[in-house]
Amino acid sequence: MGARASVLTGGKLDRWEKVRLRPGGRKRYMMKHLVWASRELERFAKRHHGEQQSKTESNSGSREGGASQGASASAGISGNYPLVQNAQGQMVHQAISPRTLNAWVKVVEEKAFSPEVIPMFSALSEGALPQDVNTMLNAVGGHQGAMQVLKEVINEEAAEWDRLHPTHAGPIAPGQLREPRGSDIAGTTSTLQEQIGWTTANPPIPVGDVYRRWVILGLNKVVRMYCPVSILDIRQGPKEPFRDYVDRFYKTLRAEQASQEVKNWMTDTLLVQNANPDCKQILKALGPGATLEEMMTACQGVGGPSHKARVLAEAMSMVQNQGRADVFFQKGQGAGPKRKIKCFNCGKEGHLARNCKAPRRKGCWRCGQEGHQMKDCTGRQVNFFRERLAFPQREARQLCAEQNRTNGPTDRELWVPGGREEPGEERGREQSISTNLPQITLWQRPLIPVKVEGQLCEALLDTGADDTVIERIQLQGLWKPKMIGGIGGFIKVKQFDNVHIEIEGRKVVGTVLVGPTPVNIIGRNILTQLGCTLVFPISSIETVPVKLKPGMDGPKVKQWPLSAEKIKALTEICQEMEKEGKISKIGPENPYNTPIFAIKKKDSTKWRKLVDFRELNKRTQDFWEVQLGIPHPAGLKKKKSVTVLDVGDAYFSCPLDKDFRKYTAFTIPSINNETPGVRYQYNVLPQGWKGSPSIFQSSMTKILEPFREKNPDITIYQYMDDLYVGSDLEIDQHRKKVEELRQHLLKWGFTTPDKKHQKEPPFLWMGYELHPDKWTVQPIQLPEKEVWTVNDIQKLIGKLNWASQIYPGIKIKQLCKLIRGTKKLTDVVPLTPEAELELAENREIVSTPVHGVYYDPDKELIAEIQKQGNCQWTYQIFQEPHKNLKTGKYARQRSAHTNDIRQLAEAVQKIATESIVIWGKTPKFRLPVQKESWEAWWAEYWQATWIPEWEFINTPPLVKLWYSLETEPIPTTDTYYVDGAANRETKTGKAGYVTDKGKQKIISLENTTNQQAELKALLLALQDSDQQVNIVTDSQYVLGIIQSQPDHSESELVNQIIEELIKKEKIYLSWVPAHKGIGGNEQVDKLVSAGIRKVLFLDGIDRAQEEHERYHSNWKAMASDFNLPPIVAKEIVAHCDKCQVKGEAMHGQVDCSPGIWQVDCTHLEGKVIIVAVHVASGYIEAEVIPAETGQETAYFLLKLAGRWPVKTIHTDNGPNFTSAAVKAACWWADIKQEFGIPYNPQSQGVVESLNKELKKIIGQVRDQAEHLKTAVQMAVFIHNFKRKGGIGGYTAGERIIDIIATDIQTSELQKQILKVQKFRVYYRDSRDPIWKGPATLLWKGEGAVVIQDQGELKVVPRRKAKIIRDYGKQMAGDDCVASRQNED
C-alpha cells in the first residue's frame, strides 16, 4: 500500500498518513495499520489450508502442484478458499473455516449492518463458492428483517439471470455440464460438485463471484435501511417489528435539519407510507387522526421473530434428513447469445428493476398476475437453507389462469373457472372453461368435496393459507418431512409432490401436505392453479351519517303560494326525479317541510326547481370544508395531453343518509287547494343544502383514489364536479386513460356527458382558459353604464378582482370607497372623478389579452412588487422574465395610520402565503426598498416572525422611511410636555404644552375628544419647536401612533403631524404615567384640565407601584386590589422594564375538566424544574428536583396528589414519565396518565405556555433570591396569588378553589336532583278541584314545588301538591298504598 516506500518515517508517518476507509467517516486509520491488516488477512486466510496443501504437494509432486496452481489461476480463484487437486487428480473444495465464520458473525453483531459490513463481507468471502456464502449467511442468527430484504434482492437477481440466460430445449450431451440457472447460482438447486465444475470449466462460469455480487447488492440495500442518512431513506423491513421501525424513524427525524412544520408533515405522511405492506394496511385502517400509541398497539406482533422461528424449524428438519438422496434439476443446453438487460417494472432496456425510477408496476414481475409480488410468487424461490430433497422444477414465468368478467356477483364469492359437469356428460373428459363459472358464497364456510389422487374428501377453501393440508389420506411415492406453523403452533407433516387434485371438475397437479390438521385445507398453491379468484362486489357509494345540531328539530316552514305555471313545472320536474330515484313520495307521517319555488333558466324557457334550505341549514350539524380553495392554473405543470371533464348531476349521484332524508321533505301545492299537496323527500344530496359540497367532495375523492393509485402518471385536479386530467402520454394513449376514468366513474353512477367533455384546447376550466403552453382568465367584458347601482359596482369589483390574477396593475380602491357603509343593492351610486379615472385605467389594462405560463418545478420562483400609490400595490410571480405565472394586487390597510414599509411587509406575507398554497414553497422577493430602510424597520418591528429572502430592485417609486425617532433624549434642546383634555358631555376641550424653560401654550377646542386633544397638543409642540426637540406625553394613544412611524393616515390631524415630523432633524418621544407628580407633566395637566375634567385623587397608585415592583402583578390584579382605572394599571405595567410583553401565543382547545393536570420538566440555570399545571384554572405547583428521573417524578406526583384532587395527568413521552416508578405512583393514587404527541409541543400547550410564564417571573424576581429553588417558589406564589385575569377575573389560586368547590356542589346537587326525580306529584289548580298528575318533580322548595307535566313547567304551592314515591307500574292501582302516601 505504499507505506514501505514512504519518505516519512516514525512519528511523522503516524501524524500525516491517515486514511478514511469510508467517505465522510469519522474514523481514520494509520497507513501502517492498514498494511498490517492486509497482511494479517492474507496470512490468516491461507493459514488453515497449509497442512493439506503440503500433504497434497508431497504426494503428487511439483508437477501436480503446478497443475493445480495453474488451474486455480486460470479460473481466477483467490487463495482464500482454494480448490486443490487430490491424489486422484480431482478438484476438491476446502470448506470455510470456523475462524472466518466467527469473524463474520462478530462483524454483523458489532456493526449491525453499518457501511463497514460490506467491505468486510467482500474480504472474508473472497473466492468463496455459493455454498460458502450461504454458510456465512446462515451463521447470522438475528436480523431476520435484513435477511428477508437480502433474500428478495437475490430472488430478483436470480430471475434477471434466468431472463438473460435462457435454456435451450433438447438433451444434454454426455459429459457436458448443464447451464446454471439463477437458483443454481444462489446454491439452492445446485450441488457442490456442480459449483466446482462451473468454476473450473473452460471457459469458467464464476458462480461464486456472481452470487457474491448479488449478496453485496442486497447488503447495500440493507445498509441504507439500517443506517439512513435522511428521513426519506427510512423503510420498514418486511419482517421488522413496527416498534423498531418507529425507533429508527424518530431517531433520524430528530437529526433532520428541518422546521417543526416539515417534521410534523414527515411524521404524518412518511411514517405510514414507508411502513411494510402489512403495517401500512393496519395504519391506513386506523385513519388519519391516529396517535402513535394507537399505531404501535395495532401493529404489535406484526413482523418480528416468528418468521425466523419457522425458517429455523424447517432448517432443523432438513438437517435431520441429510441422508436422503439428492435429485437435481434437469440439465440445460449451453448459454445462448447475450441480450440487453431489460427492466421487469417499466419494460425499458438499459437498467434493472431495482434501479427503475418509474412507479412500481402492480402485480408479480415473474408470472404477471396481480395479488402478489415476485418475492411471494409460487414459482422457484431462493432460500439460504439448502433444500436438497426432491421437488419438481417449475417454469419461472408461467402465467396463472385469469378470467375476464363483466358482471360481478351480488355477494362476496369465490369464482372457480370451469363449470360443474352436467348429468349427461362424460365425467372423465377435461372440461373447457365456460362463462358459467361456479360461485361459492362466503356467507358460510366454503367446504366442498375434493378428490385427491382419486380419494374423495371434504376440504375448506382457504385463501389465507399458503399450503394445502389434508388429514387421514394415504398417498403413494416419496415424501419429505416438513414443519409448518399454524394458529396452535408448529405441526409435523409429510410433503408429497406431483399429487393430482380434482375440484369442481377441474384437475390440477400440485403439492399436498399430509398431517394432523383440525380441518382439511385447500391453500393458495392449488387455488392459484385453479384460477380461483376472490370477488368483492362493488357496493353503492357509502353514505355519510348526518345529524341535526343537538337539541334541534327539523324545519317546519309552510309552503308559500305558487302560480299555476310554476306548479306545473315543478310537478313535471319532480315526476322525472322520482323516476330516476332522486326523490321519493312520502305520507302525512312526516311533520317536516321546506318551501320550494321555481325560476326560469337563463336564455331558456325551461324551469329550474329551487328549495329554500335556509332553515334546514341552520339546524344541520356543521361540516368541515374538505377543499379549502380552488386549484390555480399557475400551479399546474405543463402537460403533453390535457382533457377537461364535467360530472353530470354531481350531487344527485351521491346518496343521502337514510335517517336524515325525512328532514328534506317538501310539498308541491295545488291550485285553489283542489287536492292535498304532493309530498316528497330527497334520496340524494340536495342542491342548496349546506352538507352537499363537503359530502360530494369526500365521496369523489374516495372514488378517484383507486384510479389515481393505478395510474400514478395521470394528474387529476378535482374541484366539485370539474375534473382536469393531464398526462405526458401521447394523445391516443391519454384518451384511452380518460375513457378508463369515465368508465370507472360510471361504475359508481357518475356520468361525464359528452357535451362537457373537452378534448381540444382551449379548455374552459374553473373560470380559466387553458392552452397547451399558457393560460388566462376567460374573456372579461367590463360593462358600460350611465347609472351605476351598488349591485353593479359589486359585480364590477368582482370581475376586476378575478382579472387581477393575470392582468398586472389593476386598482379598485376608489371603486370600493363608493359602496362603503350600509346601502341597498338597488341604490344608485354616482362615480367620483377618482373612481372614473380608476375604471378607465382598468378598461385599458383588460383590453389587451394577457397570458400566464405553467409552473416548472426545476426553476426558482421570483416575486416582484411595485407600489402604485394611494396604498395600493401590484406584484408578479414568475420563473423567467416577462413570463408571469400569476399576478395580483394588495390594497388592504390594516390600520388607519400606517407607512409604506409596513404595507410592503404585509404584502410580502400575503404573497408568501399564497405561494405556499399554490406551489408549496415561498418565492425570492424583489422589493423596491433600500436595504437600510428595510432592515431598520424589521429591527424594531417585533411582531415579525418571519423575514423573507429578498433583493433590492430599483423600480420607482422607491419605499423609504421619511423620518425616524431617537432612542435617547437629545441633551442640548428643549423638552415639551404635551397634554390634552376634553369633556365628554360638552365636547369642549383644551390642548397645550409646557417646556422645561417655562414656555407654555394652551388653546381651546370645540367638538373634540380626549384623543383629538392629545394629538392637537403634539401638533402644537411640533409647530412651535426647533429642528431638534424632546417631547413628553402621558398618552399611550399618541405614543402608539407615532412609534409606528406612519407616512400617511386617514386622519387629517395625523397627516399634519406627519408633515411636521418630516421637517424635523431629530425627534425624541417619551411617555410618562399621568398624575404621578412628574414636574412638566403635572403642570401641563393642570393647565389643560382646568374647567374641563375632574381629576380624582388616586391614593392607591403608590401602593400599587410598590407592590408591582415587588411581585410584578399584572394590571388586572392591581386594578382590582387598589381600585385603579384599567388605563392607569396598564400604564404602570407598561412602564416596568421587566414586564414588556411582546405578544401572546395562540392556544388551541384542551380538556379543562376539574381533575386534569399537565406535567412537564423544564430547565433553567442547568437545573431541572418540574411543573404541574391545573388546566382548568392555570394554578401551578413547581419545584427544583435533583435529577430528571422516574423516582423524583413519582415523588412529586404523590405530593401533588396529597394536596389536590388529581384524576388525570397529561405528560410527554420522556423517560422519566414513562418509567415504572411513575406508573406505580399513578396506579397507587388512582391517577390516569395520558401522553402527548411525541416532538409536538402543542399537545402540552398549557404547561409549555406556563413554563415560559414561570421563567419570565423567575427572571423578574431572580435578583431577590440567592438560590434558584427559592426564586421558583417565589414565582409560583406570584403567579398563583398576585396575577388576576381569565375566567371570573380571579387569581389562579382563587380559581382552583372555586372550581373544586363548584364541582363538589354540582355533584351534590346532581345527587339531590336524581333523588328528587324519583318522586311523582299529584296537584290541583285553585279553580279545579280534580287532582291532576302524576307529574315529574324537578325541585322542592320551602313553600312551593317545580313540576313538569306533559312538557309544561309549573310552580305549585306545597299545600296543593301531593308528593309520592314512584314504585313502578305494578302498584299503579287507584287504591294502592302509594296513592295515599303524602310526603308532607
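In case you wondered, yes, glycine gets a Cβ from its N, Cα and C as well.
As written in Swiss-Prot, here are the features:
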- D462: active site, for protease activity (ACT_SITE)
- 457-526: domain 'Peptidase A2' (DOMAIN)
- 580-770: domain 'Reverse transcriptase' (DOMAIN)
- 970-1093: domain 'RNase H type-1' (DOMAIN)
- 763-771: region 'RT 'primer grip'' (REGION)
- 16-22: motif 'Nuclear export signal' (MOTIF)
- 26-32: motif 'Nuclear localization signal' (MOTIF)
- 934-950: motif 'Tryptophan repeat motif' (MOTIF)
- W937: site 'Essential for RT p66/p51 heterodimerization' (SITE)
- W950: site 'Essential for RT p66/p51 heterodimerization' (SITE)
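Averaged over the domain 'RNase H type-1' (970-1093), the predicted model reaches a pLDDT of 81.
For the residue listed as 'active site, for protease activity', other Cβ atoms within 10 Å of its Cβ number 19. The residues of the domain 'Peptidase A2' (457-526), classed with DSSP into helix (H, G, I), strand (E, B) and coil, number 3 helix, 40 strand, 27 coil.
The helix, strand and coil residue counts that DSSP assigns across the domain 'RNase H type-1' (970-1093) are 46 helix, 35 strand, 43 coil. Secondary structure of the region 'RT 'primer grip'' (763-771), assigned with DSSP and counted as helix (H, G, I), strand (E, B) and coil, comes to 0 helix, 6 strand, 3 coil.
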